[in-house]
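All remarks here apply to the structure that follows.
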């Protein structure tokens, strides 16, 4: 099957992953990913028709609980981790004109 | 025997009997840290002042009879991807270089209730992605047995801190072997519990369907005692599983009479060091001596575990790590024009090479057009791996094998070839895919003087079988000494 990882795919994956890669990094990323996918293609030796994808090991369905507040107001501690804050809010570059 | 040579339970007993104060224990720990940290570098953050203050509080609660658990007052360390309220938690990454959580992980809360004194946060591969602790933004950790070698990873800091006697036990996390492999490389005992046994609340996520917190300690009894504290049903983690029986120490019988142990022939083939193969077979003989029946069998699916693991773990990582964007916490780039540039530059500068490699792979296998061929294929493979283990556990109580195909590699040897490094995870990753509990117990050193670990696996929720077999093996093996000064000479020091 071997997918060819070209510049277009790396560019696209960079957008999905929200990463800025230099030309050199892109080249290396393409090589690394091609090599890894070639290895992952080993899975194609397996006949998995009739085997359902297994997301959870245990047979669990949704776990519900009441949406009750059990902790106090920690907004101060939370905000203190922000690289920039203003008026008790996270500060980011302007997003709407 | 010096204070530092005691196991966590032995120290806990002396504290209880007032032969040692909590303050003395913490001071002993820090004096050892000052001695060895310059060369070992097991810690990212040390909190001496907080630990000493905490020691007083814990002592008061012990004296008042409020705290009576077996590990009250014993100094320990926490891997730096597990949140500790008011104590920096970096994940070994620049992107979280200054993050101070507003809350503690449930595992840490449970420990604090039991009187644990945290001395600091241990080094790790960035976001637990790596097998050597060399990808940490804070620099590598050295193996206490030979400082030119890696401690393994990703919980390399926790394992090195225990092996060098800096702390009496530590917390690690295991997504694809990150407790068992460094435990093997550092000659300590580490267990990855059944998925869902220890709450993941407050564990910074890597591969959520695979991640588990577990103890790293000097022997099996310490691991069982720590796991009794850590394990709990937690409503804040929807994958947490309530268990009927948390009495793990009860299983430490020191015998293995009638236990059925299987050694997968496909674990002993090509790629395994001869010395480790011999060590596994000798381990099997000791278990037979303790009453177990041992035979070889074909497990199957072994060669498919690594490709399936790297697809699933990377896919989950790419989603989990999307929260790091320079807005709510951690690193933000200096200059940017707009929001998207800020996200991209912060992430590109904040994440290291291995983390970016896995985010890229994960984004790719989840992308439209490739999802079925890679991600779903890996999930179907996971089902087949689980079935192979189910068949094995119909016949055997324990699966015995190596924890890693080699002993600790020299520093700088692994990172240049990532695929080769991934292949070192062959005996550990399938265990996470199948949700099983697994323990690594030190058995001997190789001709270079580096420790070899035996790995034992049990079916889901059968930790007690693991502890029983491991305690039986330990009894036959005899006391295992760590490279703590005055305890065992550093062989490579000669």
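Heads up, residue numbers simply count up from 1 along the chain you see.
Cβ atoms are placed via backbone N, Cα and C, with glycine included.
Just so you know, TrEMBL annotations never went through curation; they're auto-generated.
Here is what TrEMBL records for this protein:
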| type | residues | note |
| --- | --- | --- |
| DOMAIN | B:24-466 | domain 'Amidase' |
| ACT_SITE | B:79 | active site, charge relay system |
| ACT_SITE | B:154 | active site, charge relay system |
| ACT_SITE | B:178 | active site, acyl-ester intermediate |
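Structure with TrEMBL features highlighted.
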residue : record                               : DSSP class
B:79    : active site, charge relay system     : strand
B:154   : active site, charge relay system     : coil
B:178   : active site, acyl-ester intermediate : coil
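Confidence across the domain 'Amidase' (B:24-466), taken as the mean pLDDT and rounded to a whole number, stands at 97. Between the CA atoms of residue B:154 (active site, charge relay system) and residue B:79 (active site, charge relay system) there is a gap of 9 Å, rounded to the nearest whole number. Summary for the active-site residues B:154, B:178: the Cβ-based neighbour count within 10 Å is maximal at B:178. Each residue contributes its Cα atom, and for residue B:178 (active site, acyl-ester intermediate) and residue B:79 (active site, charge relay system) those atoms are 11 Å apart. Under 8 Å, Cβ to Cβ, and six or more positions away along its own chain, residue B:79 (active site, charge relay system) finds B:121, B:122, B:124, B:155, B:157, B:158, B:170, B:171, B:172, B:173.
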